[in-house]
Amino acid sequence: MELIKAQRGTQDILPGNSERWQAVEEVMRDEAAVNGISEIRTPVFEDTRLFQRSVGETTDVVQKEMYTFEDKGGRSVTLKPEGTAGAVRSYLEHGLYNSPAPQKFYYLTPCYRYEKAQAGRLREFHQFGVELFGTSLPLADAGLIAFANGLFDRLCVKNLKLKINSIGCPTCRAEYTKALKTYFTERKDRLCETCRSRLDRNPMRILDCKEPGCAEAAKGAPRILDYLCGDCKAHFEGVKSALDSIQIEYEVDPSIVRGLDYYTRTVFEFVSADLGAQSTVCGGGRYDGLVEEMGGKPTPALGFALGIERLLMIMEAQQIEFPEPHPCELYIASVGEAARKRAFQMACGLRECSVAAACDEVGRSLNAQMKYADKLGAQFTLVLGDDELEKGLGVVKNMKTGEKTKVNLNNDIEGQFAAISTRAEDEEDLSF
Ligand code: HAM
């Protein structure tokens, strides 16, 4: 029978790799907690209109990439292509604005975009995202960027470039849009069909079109930074000086406009040379108008999302060491039926005390059990046979150092093992 395979652009995260995911997710959760950011979990599918209104009708994401379908009740639903829209919906639906500002949320979520699958570009991918509501100060932008930067530092990721830009507010963007329209109208024949249709409705979207003709035509386009109004200029200066004050290096790159419609003012991306074509690992910015557009009170907001697959690709390319997981702390090998039973009892007792203990479950020879313990990466082993059971004495062996410690099998084995393993832990040096 033909084996059914995973869908194009999706991937299984298998044992051996899943521990790496857990390790980075743990750092993200931990850093979020230190920064007073609480987790928000929103559904994987939402009313299609949510993304049309927030991400924007003229974006690539909405025009080409959404997983949209009718459910059995005839409603149009869409698998979330990103996390911001759902967070904003939830913020409004549950009146989260009633708690003191700024409200800070993070999420770890799968996202879905029907894109041409390639290295670093998947149809199901995962984001760690942060959204902050209720603060308009430039310090908040710098603080958010510093948070992402700190996360990369904590994960030992090197050689990232931080690019920042300001894309202004609706006031300054009106002038800019006019200039862009004139510019691209003169080059209309070089634009793809989608971009020609964007010319009237949203010419800024042409700037992030992936078609080579459009990218070429965009090269000499007017720059938004030259059109910023006084307030937006002052805000951008404030962000830059706050970043300077905490020694975060950045490059002002006027070509960063981001691919989603909700942004205002500050936008930023962290890019890596270790990623190939899909070089952006993290992107975000301010979206001061979105909450109001979605039906709430005017509320300044900002956030970013980091692609976990891309992060792990960089970490792999940079050969960053991950903390060694110890799936097995103590393997209790046994010889003979009575010893196997005793090993089983002991392993169950130890697991109740949160010790990752394992014993023979398939009837292997002692030799095969020891090989298996090695495969499990057991930190310690203990061999039980008739002799050990009779005397009530066993020997716990540290598999790394070879150190042996006698244990009394009839008395508080958990306590004795705890003392042995704590001693070994003190000597270990963990990564990250
Ligand atoms: P985005 O730039 O579309 O922004 O995505 C953020 C990150 O998700 C990217 O930098 C990348 O690492 C990852 N990513 C995006 N698409 C794919 C893909 N097809 N395959 C693999 N990874 C991908 C947003 O989604 C905004 N919601 C970020 C944000 C939050 N802005 C404000 N708050």
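Yeah, the Cβs are placed from backbone N, Cα and C, and that goes for glycine too.
Those TrEMBL annotations? Automatic predictions, nothing curated.
The feature domain 'Aminoacyl-transfer RNA synthetases class-II family profile' is assigned by TrEMBL to 1-323. Annotation comment: TrEMBL describes GLU82, GLY83, THR84, ARG113, GLN127, GLU131, ARG258, TYR262, TYR263 as L-histidine binding site.
Recorded features from TrEMBL, shown on the structure.
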residue : record                   : CB count, 10 Å
GLU82   : L-histidine binding site : 20
THR84   : L-histidine binding site : 26
GLN127  : L-histidine binding site : 21
ARG258  : L-histidine binding site : 21
TYR263  : L-histidine binding site : 27
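Secondary structure at GLN127 (L-histidine binding site), taken from DSSP and collapsed to helix, strand or coil, is strand. Proximity of the binding-site residues GLU82, GLN127, TYR263 to ligand 1, judged by a Cβ distance under 6 angstroms to any of its atoms, singles out GLU82, GLN127 in sequence order. DSSP classifies THR84 (L-histidine binding site) as helix under the three-state reduction. For the domain 'Aminoacyl-transfer RNA synthetases class-II family profile' (1-323), the mean pLDDT of the prediction comes to 96.
In the three-state DSSP assignment, the secondary structure recorded for TYR263 (L-histidine binding site) is coil. In the three-state DSSP classification, ARG258 (L-histidine binding site) falls within coil.
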